[in-house]
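Comments concern the structure below.
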Amino acid sequence: MAKPLYKRVLLKLSGEALAGEKGFGLDTDTINDIAHQISEITDMGVQVAIVVGGGNFWRGRTGEGMDRTTADYMGMMATVINALALQDALENIEILTRVQTAIEMRQIAEPYIRRRAVRHLEKNRVVIFAAGTGNPYFSTDTTAALRAAEIEAEVILLAKNVDGVYDSDPNINPNAQKLQELTYLDVLQQGLKVMDSTATSLCMDNKIPIKVFGLKQSQNIKKVILGEKIGTHIYS
């Protein structure tokens, strides 16, 4: 059996990924499929941390007429809903999981403590980071880059609704070309919509590679872990 390339990874899931084809809310079948994909790599001994977005319920920047700080905090609460849903799906298939939130809510999750998170990973528990960084004006992409640096993840697995990074929007331009490899500077200079510039810069500064791939295709998380050439590889 092929060996995984990585020992510890951070998986970034957008809120939209949890909504499935519905585009809003939570799709149980989609969440269960993601949980089974995660179980495939934990069974190989890979330590998995997850950052979830909240765009299937709310995006802070879309709160028209609303105070930006308030809107961002609402988005953080949406990520907690998603984290609990994913935790439930994982634990239903007997994957020990802990949710840690950047804003304390001890009745439902642990507060984020880096040492505790690392200890959970060492015990082969999945750790889900929710509520972003706990601060407004920072995206969940930036949270993923920050947490990956803090827990010393070897790679960020950026699961998207498209199968990689394209030179233009493939939903608009049928001739859009998928890019197999990019540097962080390519992403920043070309304005490619991978992560926001803060998150990309943080990955560049800490030399954390990023694998961008489609989540819709079955077993793609496992394929990336085993080194199959899918999606887009971003590196220094």
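Backbone N, Cα and C define each Cβ position, glycine as well.
What Swiss-Prot lists as ATP binding site is LYS12, LEU13, SER14, GLY15, GLY55, ARG59, ASN161, TYR166, ASP169, and the listing cites sequence analysis. Per Swiss-Prot, UMP binding site is recorded for GLY54, ASP72, THR133, GLY134, ASN135, PRO136, TYR137, PHE138, SER139, THR140. Sequence annotations record features per position, and here Swiss-Prot assigns region 'Involved in allosteric activation by GTP' to 20-25.
Mapped onto this structure are the features recorded in Swiss-Prot.
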residue: LYS12; record: ATP binding site; DSSP (3 states): strand
residue: GLY54; record: UMP binding site; DSSP (3 states): coil
residue: THR133; record: UMP binding site; DSSP (3 states): coil
residue: SER139; record: UMP binding site; DSSP (3 states): coil
residue: ASN161; record: ATP binding site; DSSP (3 states): coil
residue: ASP169; record: ATP binding site; DSSP (3 states): coil
Using a 10 Å cut-off on CB atoms, tell me which of the binding-site residues SER14, ASN135, SER139 is the least crowded.
ASN135
Quick note, GLY54 (UMP binding site): same-chain residues at least 6 apart with CB under 8 Å of its CB -> GLY15, GLY75, MET76, MET77, ALA78, THR79, ILE81, ASN82, THR140
Cβ-Cβ distance under 8 Å, sequence separation of 6 or more, same chain as LYS12 (ATP binding site); the residues meeting this, in order, are ILE50, VAL51, GLY53, THR140, ASP141, ALA144, ILE156, LEU157, LEU158, ALA159
Of the residues named as UMP binders, GLY54, ASP72, THR133, GLY134, ASN135, PRO136, TYR137, PHE138, SER139, THR140, how far apart in Å are the Cα atoms of the most distant pair?
15
With every protein chain in view, how many other Cβ atoms are within 10 Å of the Cβ of TYR137 (UMP binding site)?
13
Across the region 'Involved in allosteric activation by GTP' (20-25), DSSP labelling yields 3 helix, 0 strand, 3 coil
Proximal residue to TYR137 (UMP binding site) among binding-site residues SER14, GLY55, ASN161, ASP169 (C-alpha distance):
GLY55
